[in-house]
Each structure stands twice: as C-alpha cells, then as structure tokens.
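Over in Swiss-Prot, the protein carries these features:
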DOMAIN    4-203  domain 'DPCK'
BINDING   Gly12, Ser13, Gly14, Lys15, Ser16, Val17  ATP binding site
Amino acid sequence: MAIKIGITGGIGSGKSVVSHLLEVMGVPVYISDEESKKVVATDPVIRKELCDLVGEEVFFGGKLNKTLLATYLFASSTHASQVNGIIHPRVKEHFRQWSSHKDCLDIIGMESAILIESGFADEVDCIVMVYAPLELRVERAVRRDNASCEQIMQRIRSQMSDEEKCERASFVIINDGEKPLIPQILELIAFLYQKIHYLCSAKNN
C-alpha cells in the first residue's frame, strides 16, 4: 500500500515545480487544481449547484468561467466555503479512486494549495510544505497570472498562513531561489522510505 504525501504551500511558493520533480523521480502526483477542473467540467450535479450559487454565467458557452468563479470565491470566506463545499467532496472521491489504482507503488502525492483548509490533509499520511518568502511569492504569481499585486495579496490573505502550514507539516522544502531543490527532494524521499520501513516493521510485529 502506497504512502500518501500531501504537497502544499501558498500561491507562488513553487508547489508545481516540486511536484514535477517528484514525478520525474517516479512519484506520481495528483494535481488537485487541474483534476478539480476536470471534475467540475464533467459532473452535472456540480455544474447545477455552481450555477445556482454564482449564476448561469459561471458556465459560458458550456465551459467554466474560471475568472468569474475565482472572483466570487476570493471575495469572502463565506463564498469560498460555499464553492468548496460543492467541489471538494467530489474531488476527494476522485482522488481516492485515482490512488486506489496505485497501491503497488511506494509513494504517491497530492498537490493542493488548500490541502489543510479543504480537509484533503485527512486523505494523506504526511504533509510536505513548500515555503518561499512572501515577496518572492507575490513576484512569481504576478508574473505567472498577469495579475496585480493587490489581487495576489487578496488571494494570499484568504489562505492559511505559512506559519500554520509549517507547524502542520512533517517536512518543509525551501524554494527561495537560492537553496537547491533536488537535494531537498532526495532528502524527502529518504525520509518517506524511513517512514515506510517503520510502518512495515510495526505491521509485521
């Protein structure tokens, strides 16, 4: 049975880079942001509930209006809870189905910016936090999303703080542009295999 890791971090922290490097090293990673979009696009119940909540225009020409949904979601914590309450239960079930086909592997991952807030942390065995300084995160996100600093800061304020996430994490990866990532990821994999060995020993005893 595979050990499941949850990869999280704030906007612009570099979660996707870490997930990609893990995949290169043979660890498949469920990208919850991408997979949730697929679930939303194909689940008629979600489509109806989002239309009832946000308005029919949230699906423009049959496709999800991601900008409108994001604007609604980040407008308040109440809006975020409403949207997440519709989407997250289906994504959890989708992840369970995905991971059930990978039981023969040692390690699999799930990447989510809101791993802890969404309750996805309950689906994994340990949390990996990707940390980057706030200024660098804002710079990366502004460049990537073609958004203003204020828009990015609004999103950051809507999420759990880095300090809280680090406290919950079993392992922290520093992605500040100076500390090399690959040695840290190799250290993470070694840490996970130690955990696997411990779990196997405990089970055999």
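Glycine is treated like the rest: Cβ placed from N, Cα and C.
Counting every protein chain shown, 17 other Cβ atoms lie within 10 Å of the Cβ of Ser16 (ATP binding site). Listed in sequence order, the residues of the same chain lying 6 or more apart from Lys15 (ATP binding site) and placing their CB within less than 8 Å of its CB are Ile7, Thr8, Gly9, Glu111, Ala113, Val130. Comparing the binding-site residues Gly12, Ser13, Gly14, Val17 by how many other C-beta atoms lie within 10 angstroms of each C-beta, the top residue is Ser13. Across the domain 'DPCK' (4-203), the prediction's mean pLDDT works out to 92. Ser13 (ATP binding site) falls outside any helix or strand according to DSSP and counts as coil.
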